[in-house]
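*Asks:* Below: one structure in structure tokens.
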């Protein structure tokens, strides 16, 4: 801003000069501070009275003029100039009491009031520059006294001003510091001490000088810190009982010093024998009165002023006294039969000169006791402890100051020395990691103390001593090998024994005593082997030359194998007068041991013969230069290296050494026997896809050249030897091999798991198949005719359920049979089965006259067919009702009597088989529907798949049963009653008509059966048994109306169905509750419940229904028919009650099963591999 104003003023001056009115003048006025100065202005006319005008004085940098005078009025003066300015001789301004602040630019202006031209209103004078000279003055100075902690930094700053500007300098203790040096630096009047020390304390003077004068300022720097010992104590010697003074003086700031004295590290006031005889003076000196021999030692002075780490100074005090005995024991034991010593505890200063002994009050004469002598410290040595040594002894020591007197008497006693009871063996061999116990025990008087120690290096933390003083090494480590010493000591003597421990199963131990004998261009290395660790060890000698020049790196170590059993090796081919390092390494099958210590050696040169003196050589033989122009070329055989021989060869070239490396790895010697005459070399055995670097080193005589230039080449795409690829960017080969092995193992494991799973599934399927084969042969329900009976409304009993085991269907396609009515084809017989030549019929089983199960005679096919034709009218309605009558739990109709023609699995001879098996009846087709697939109670239902042809059952007999009654005949003829029963089965035969579907059968049953079972609500084929062993399953939907739903039938309103498509039966939402069902089972634990109404109950309820049954014209032909099957179930033998009848039935059936099993055992078993879902087995 000031420069801008100055430029403005100059521009105004220049512009005014350009106007031509008056040329401005610049005047400089110099004054001293406190004096006066006149600033001239000649704008007024020199003579006459000037016109009316106004005088103004302006100062550059001020907004208003500092002085304004108009006529005779009082001037207007700036407050800073009040009382110090006035006009003199016209318009000149006089300033009194000049100040430094008055220095600057001033301008004089005069305004003439009679001028009418605006351009001539003002007459400006020249600018005047006022300079005020003043002596130097300090604007900033450091304090007079400054305290600074030791080792801290401090800054002393002096700032002065004046006109002209003064120059500031610093002085320390009267000496000019200049620019400073070391820790002290001076710059622009500022003194900076980086690290204050004790010597930095003192007076620092700041001086500001100029032409107007000089001024100074002094600062005292005080360094706060621990004291500094100025006068330390010195070593002193004093006779016993004299006083002594040890000086100690220190300086410090602050000066609140406290002195402390210590003897051998203990405060003198804490030592009881010194408390009353010691004083510490004001100046820090130690005063010790009446010194004693125990007062000798190191004394330390420690001054302190509260700062940390106070200094200290020490001195040694020597006290002279005559020789004296310290403490003589009252008894001295000596070992019997061993060497003993009677000691005389002496102290003396000056040193001891001699000791005299007395025995039993008489002077001891050593020449009378052979083997007795005096030791260097005056002890009495007895070679053999016996009765001659017994007695009372006293000693008197002497030095240059005399003696303090004889010692007290000591009584010599004979004691038994320690003796080992259990000594360790000379050596122990034990495997590493196991436990080793070495015994050692001793006895003596007094009992000795047994201790163990390892000779040489100690073994801390691994060796323990048990309660029996035995050494326990647990676990045994390699470091435990060595010599161990067991010592037993008591007050009489100390005895020792030792043993060697060898640890087996470790790497070799380090070799020792390695020595190298230099030879011409070689060296002979020898050593002493260490323990081999229990295995054969081999040695190798390692050596390397030291670098001749510091800028060259060390060569790699070279190893030479040592023949087995040798402990020395001759290392040839070394450079003479070159320093080598040698080391020996031992190895065995477990690994390498540590290297031995490194030994340096310099091989000698070849012996030379004296040569004739000649002229001194003018040139030094040229050194060996490196090979030149090394290049690498790819060829089909590998990598070919080509080079030129060295340019400088001192003599004959011995050969080359080829070195190579992969990428940035270390250099390796590839071939060290390249002949010196070769200029090219084929390098086989390289790795694919790797960048190689090669170089050559030449050697001749004792010279080894520097490496040649480096030749780079890549083996990418080159077939080399051996052909393998390395992946340096991915994984190392060991890691890669491990990864590949792990992947292969995982694949094999997965494959084995899959095979095991398949094998287990096959075994599980085989076990299920064998389980089915071991089960009882199925009881086949063979329909003998067509059922065309009427039914009456009623409720069926849910208390009895007949179990079905669904088996494989002989029909190739049940769906096709049901939809199109195609006749079922018999299954293809197994080619290896004896049944392949024809079906094997089943024998009928029925009751005999005595009520036992017996085999009945077979019925001829013609008779069966005739029976079937007579019992079944050939109407479409009868065809639709061909399915077997299976009543559900709902009252769909009167259940029809069931005729089991033959439940025996015992087959007739093959020659007796008259005809093939009949085709599957409507009941079997009905049971093969998907609804009955869900009713499997044994868990063996096969999956829904296309049935394959399978061999037929072992035997199925179609002969009607002979008549056998369970109950006594009723009053009315049973034949008539049985004749009127609808649905009586006449026989089994193969019909030429197509089979009826289950849908037609169910529709006919709904129309015919409801009127027949109004008074006979017995259990049906699908009702549940009251026995706890029975299993429930789903049934077809009920056809009887009911208000509630059954737990075995779908709920009302349910839109789901148990059949679908063409197999769907008409749905009827009729169910009965469980609470309305009757229990008709003779035993709740017996599962052979009756599937039909009881005989007595049927006879009682049948008479009212006879008349009503006549109303059905379609049943007239069946009323007078009497078939052999009717006697199978409708003529039971009378029993006293349900329990007795059930027990009798069970016993009879078990007897039948035993006979059947015996018969089956004599027949070949047929392996049925596929079950038929359209056959039902009654359990």
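Residue positions begin at 1 at the first shown residue.
Cβ coordinates come from backbone N, Cα and C, glycine included.
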*Asks:* Consult Swiss-Prot and report the residue, out of 468, 524, annotated as N-linked glycosylation site.
*Replies:* 524
*Asks:* Between 675-698, 699-722, 723-746, 819-842, which stretch does Swiss-Prot give the note region 'Disordered'?
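*Replies:* Comparing 675-698, 699-722, 723-746, 819-842 with Swiss-Prot, region 'Disordered' matches 819-842.
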*Asks:* May I ask you to name which of 124, 513 Swiss-Prot has annotated as N-linked glycosylation site?
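*Replies:* When Swiss-Prot is consulted, N-linked glycosylation site appears for 513.
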*Asks:* Looking at the ranges 876-908, 909-941, 942-974, which is given as region 'Disordered' in Swiss-Prot?
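*Replies:* In Swiss-Prot, the region 'Disordered' feature sits at 942-974.
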*Asks:* When Swiss-Prot marks a stretch as region 'Disordered', which of 603-643, 767-807, 1095-1135 is it?
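*Replies:* Spelled out, Swiss-Prot records region 'Disordered' over residues 767-807, not the other listed ranges.
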*Asks:* Of 239, 1079, which one does Swiss-Prot label N-linked glycosylation site?
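*Replies:* Comparing 239, 1079 with the record, Swiss-Prot tags 239 as N-linked glycosylation site.
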*Asks:* Check the domain 'Ig-like 3' (226-318) for me and report the mean pLDDT.
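*Replies:* Result for the domain 'Ig-like 3' (226-318): average pLDDT 94.
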